[in-house]
Amino acid sequence: MAERSPGTRRTLWFVLSLVFAFLYIPIAVLVALSFNEGGLPTAWSGFSLKWYASLAGNSAILSAALNTLIVALVSTAIATLLGTLLAIGIEMRRQYGKALEALIFAPMIIPDIVLAIALLSFFSMLNLTMGLHTIILAHVVFNLAFVCSVVRARLKSFDWSIVEASADLGASALTTFRRVTLPVIAPAVIAGALLAFTLSVDEFIIAFFTAGAGRASTTLPMQIYAMIRFGITPEINALATIVMAVSITALTLSQRLNRGIIGQ
Amino acid sequence: MAPALAWLAALMVVPCALVLALAFFRRGIYGGIEYTFTLENFGLVFDPLYAGIFLNSARIAGTATLIAVVIGYAAAYAISAAPRRWQPVFLFFAVLPFWSNYLIRTYAWIVLLNREGLITQLLRWFGYTGEPPSMLYTEGAVIAGLVYNYLPFVILACYAPLSRLNPELAEASRDLGASAATTFRRVVLPLTVPGIAAGAVFVFVLSIGNFVTPALLGGGRFQMIGNLVYDQFLTANDWPFGAALAMALIAIMLLVLTAQALAANRASGHVTQAGGNTDG
């Protein structure tokens, strides 16, 4: 691109800086305010961690965080297991219909609100008491699809003859899976699990509709939504900063593992 | 394989089929569901009141899509023109905000736009003394929030075809005497239509069904389809009508996806033309 004129190059750099300013200033302001002693956007009154400390004493937030952790861990565990098996099943056969493909893609493209009301109608028709368990059931639906697609991408370049070789050498199906298939796909499985975990931690709409009445099963995003509707408080800024840090770390990690896969 | 498929069948296919069925029933007097067949829920979708909300949602989503595509394409173009080794870094940082919580990204705009927010402070700093401008709870705020939230995806979608673009094509066009503008319009743009279409569909579909952004940044003043569905299920208790609205949402989504597939097909036609036609 060396032949571009200096004027064009300057314009391109200018566009890039503007876009990055647009993307990062809102987040940067939020993070900065979370460390502001006074807690108000009107003036900077000194660096302080007191809003983080006050989060630690907020029992509603702590119980919501615990709920989120339970939902995310359980739904990730189930989705990782089922999604990985599904990916192996599909890729091993290599012959699958359009219907199966659509079934696996659907959870990723159906608008959240539609899946949310569908599950609400379904659970209430079954007269199921809703709570954390129904959120978990719901989160597995989309998490499963995401894990499956990450693992399938890895399996596309998998040499199935090594599985045959292992079987020929007398290994049982389980041993072959544990000693041959799993080590090869492990980075993708972990990447998929990390992705599922973050999606679940951040998911609001479906959780909101399938949590049922009462505060007992409020998740962190539901708590954040309630707080935001109430107004701006320095505590939300601190909480938002922590939540952002957690999801960005988990996804960067997931991306790295995936990058490793592409690089191989 | 079987347990996963059973899970999807039980907790996605069956519930969605249930919603479809629900849309054909009547609402009970006390908010329950009366199991008599009716088409009036779908009729109600076309009632001027609700059709107005549909048009309004489409307008807001359309505006957000247009702005996001223009900014996103410009950003993707600038990234693809940057030195090779910097491109992955820029791309990574363009997508990074997308990985943080949607509610938090929306909340960041409340912090910016509220009457005592950063923008008002900046105006004051520049010597503005009047009333703080009301920016929050406007249609503009809703559009800004939607653009902000979905921009990273547009950048990603547009970058893919731009980075694969063969620079010799543009060079050839310039050698043959076309101006930079003509080259962009006749060579670069047509070859990157699939990326634009994918990005646009994503923003439009997610915007039109959104209820969080209109609720938070529009202050509930701007009803969109998502809010309408939300209300029918959680406040008005008219589930059959809510189900019909959800189906209408799915129908719009399928329509847009079909349009995207057509656009991608046409674009691939252009590619073969660009490759095989020497006198055009």
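In case you wondered, yes, glycine gets a Cβ from its N, Cα and C as well.
Worth saying up front: this structure is predicted, and the values here are computed from it rather than measured.
According to TrEMBL, the feature domain 'ABC transmembrane type-1' maps to B:54-262.
Among residues of the same chain six or more beyond the transmembrane segment (B:6-25), those with a C-beta under 8 A of the stretch's C-beta atoms are 33-39, 41-42, 239-240, 243-244, 246-247. Per TrEMBL, transmembrane segment is recorded for B:6-25 (among others).
According to TrEMBL, the transmembrane segment annotation covers B:37-55 (among others). Away from its own ends, the transmembrane segment (B:37-55) comes close to residues 23-26, 223-225, 228, 240-241, 243-245, 247-248 of its chain (Cβ-Cβ under 8 Å, at least six residues beyond either end).
The transmembrane segment annotation in TrEMBL covers B:61-82 (among others). For the transmembrane segment (B:61-82), same-chain residues at least 6 beyond its ends with a Cβ under 8 Å from one of its own Cβ atoms are 90-91, 94, 143, 146-147, 150-151, 153-159, 162-163, 165, 192, 195-196, 199-200, 203-204, 207-208, 210, 224.
Taken from TrEMBL, the feature transmembrane segment covers B:89-110 (among others). Beyond the transmembrane segment (B:89-110), the same-chain residues lying 6 or more positions past its ends with a Cβ under 8 Å from any Cβ of the stretch are 75, 79, 82, 117, 136, 141, 144-145, 148-149, 152-153, 155-156, 159, 212-213, 216-217.
Feature annotation from TrEMBL assigns transmembrane segment to B:141-162 (among others).
Among the features that TrEMBL reports, transmembrane segment is placed at B:183-208 (among others).
For B:239-259 (among others), the entry in TrEMBL reads transmembrane segment. Beyond its flanks by at least six residues, the transmembrane segment (B:239-259) meets 19-20, 22-27, 33, 38, 41-42, 44-45, 50, 54, 58, 201, 204-205, 208-209, 225-226, 228-229, 231-233 of its own chain at Cβ-Cβ distances under 8 Å.
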Same-chain residues near the transmembrane segment (B:141-162), Cβ under 8 Å, at least 6 residues beyond its ends:
60-61, 63-64, 67-69, 71-73, 75-77, 79-80, 91, 94-98, 102, 105-106, 109, 113, 135, 188, 191-192, 194-196, 198-200, 202-203, 206-207, 210, 213-214, 216-218, 222
Remote residues contacting the transmembrane segment (B:183-208) - C-beta distance under 8 A, at least 6 residues beyond either end
57-58, 60-62, 64-65, 68-69, 72-73, 76, 146-147, 150, 153-162, 165, 169-170, 173-174, 224-226, 249, 252-253, 256-257, 259-260, 263-264, 266-268, 270-271, 274
